[in-house]
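**Q** Here it is: the structure, laid out below.
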Amino acid sequence: MKIIGILGIQGDIEEHEDAVKKINCIPKRIRTVNDLEGIDALIIPGGESTTIGKLMVSYGFIDKIRNLKIPILGTCAGMVLLSKGTGKKQPLLEMLNVTIKRNAYGSQKDSFEKEIELGGKTIHAVFIRAPQVGEILSNDVEILSKDDGNIVGVKQGNIMAISFHPELSDDGIIAYEYFLKNFVEKD
């Protein structure tokens, strides 16, 4: 069974662990850089991207994650953290050649749920202060999902990033299955 790490310093950690179990993988909560050893993939969860970024700097995660050669899934704040820029000064991994519009849909009260397409399937997406891709910076970035023309899912190399929270909907498992099939098991 594949071991999927979930960055466990802030955000929706338990919900991601439950989803990883549903796709017959072993979740491993990542609290220190040493916990990165032995994982087959990494999930960077939603939460507050500035807080997660500062904690990643404090705990020494930035360079360690940048040097990983494994698939990475970023959800919501995870998408923000993987990006090249947000227009705001904050720690970023800068691994995904996109810029991000933070909180593109507005504040917490503007959060919503909507059906969108991902990998040829319809998924009930939960958008909570969700980002959108502002600009794609290289030709190897592929669009995975859109919401009314706005880019909310991309992939580049071994990285998948989505602006919604798959861990919060019953059929969100579709996103994890897509990640598993197209990234983790793609050898």
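Glycine residues also receive a Cβ, built from the backbone N, Cα and C atoms like all the rest.
Per Swiss-Prot, the features are:
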BINDING   GLY47, GLU48, SER49, ARG102, ILE128, ARG129  L-glutamine binding site
ACT_SITE  CYS76  active site, nucleophile
ACT_SITE  HIS165  active site, charge relay system
ACT_SITE  GLU167  active site, charge relay system
**Q** Cα-Cα separation of ARG129 (L-glutamine binding site) and HIS165 (active site, charge relay system), in Å?
**A** 10
**Q** Radius 10 Å, atoms counted are CB only; among the recorded positions ARG102, ARG129, HIS165, which position scores highest?
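**A** Per the Cβ count within 10 Å, the most buried is HIS165.
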**Q** At a 10 A cut-off on CB-CB distances, which of the recorded positions CYS76, ILE128 has the highest count?
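**A** Checking each of CYS76, ILE128, the winner is CYS76.
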**Q** Is it possible to get the count of other C-beta atoms within 10 angstroms of the C-beta of GLY47 (L-glutamine binding site)?
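**A** Counting Cβ neighbours of GLY47 (L-glutamine binding site) within 10 Å gives 21.
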**Q** Check the Cα-Cα distances from HIS165 (active site, charge relay system) to the binding-site residues GLU48, ARG102, ILE128 and tell me which is shortest.
**A** ILE128
**Q** Given the recorded L-glutamine site (GLY47, GLU48, SER49, ARG102, ILE128, ARG129), which additional residues of the same chain have their Cβ within 8 Å of the Cβ centre, ordered by sequence?
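**A** Near the L-glutamine site, the remaining chain residues are GLY46, CYS76, ALA77, VAL80, ASN103, PRO131.
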**Q** Let me make sure I understand the span of the L-glutamine site: among GLY47, GLU48, SER49, ARG102, ILE128, ARG129, what is the greatest distance between any two Cα atoms, in Å?
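**A** Maximum Cα-Cα distance: 13 Å.
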**Q** Would you mind sorting out which of GLY47, GLU48, ILE128, GLU167 (the recorded positions) have a C-alpha within 10 A of the one on CYS76 (active site, nucleophile)?
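**A** Near CYS76 (active site, nucleophile) by Cα: GLY47, GLU48, ILE128.
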**Q** Which of the three DSSP-derived classes (helix, strand, coil) applies to SER49 (L-glutamine binding site)?
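**A** Reduced to three states, the DSSP call for SER49 (L-glutamine binding site) is helix.
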**Q** Please report how many Å separate the Cα atom of GLY47 (L-glutamine binding site) from that of GLU167 (active site, charge relay system), as a whole number.
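**A** About 12 Å separate the Cα atoms of these two residues.
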**Q** Which residue, of the recorded positions GLU48, SER49, GLU167, has its CB surrounded by the fewest other CB atoms within 10 A?
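**A** Comparing Cβ neighbour counts within 10 Å for the recorded positions GLU48, SER49, GLU167 gives GLU48.
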**Q** What does DSSP say about ARG129 (L-glutamine binding site): helix, strand or coil?
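**A** Assignment for ARG129 (L-glutamine binding site) reads coil.
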**Q** Please report the three-state DSSP label of GLU167 (active site, charge relay system).
**A** helix
**Q** Measuring Cα to Cα, how many angstrom lie between SER49 (L-glutamine binding site) and GLU167 (active site, charge relay system)?
**A** 17
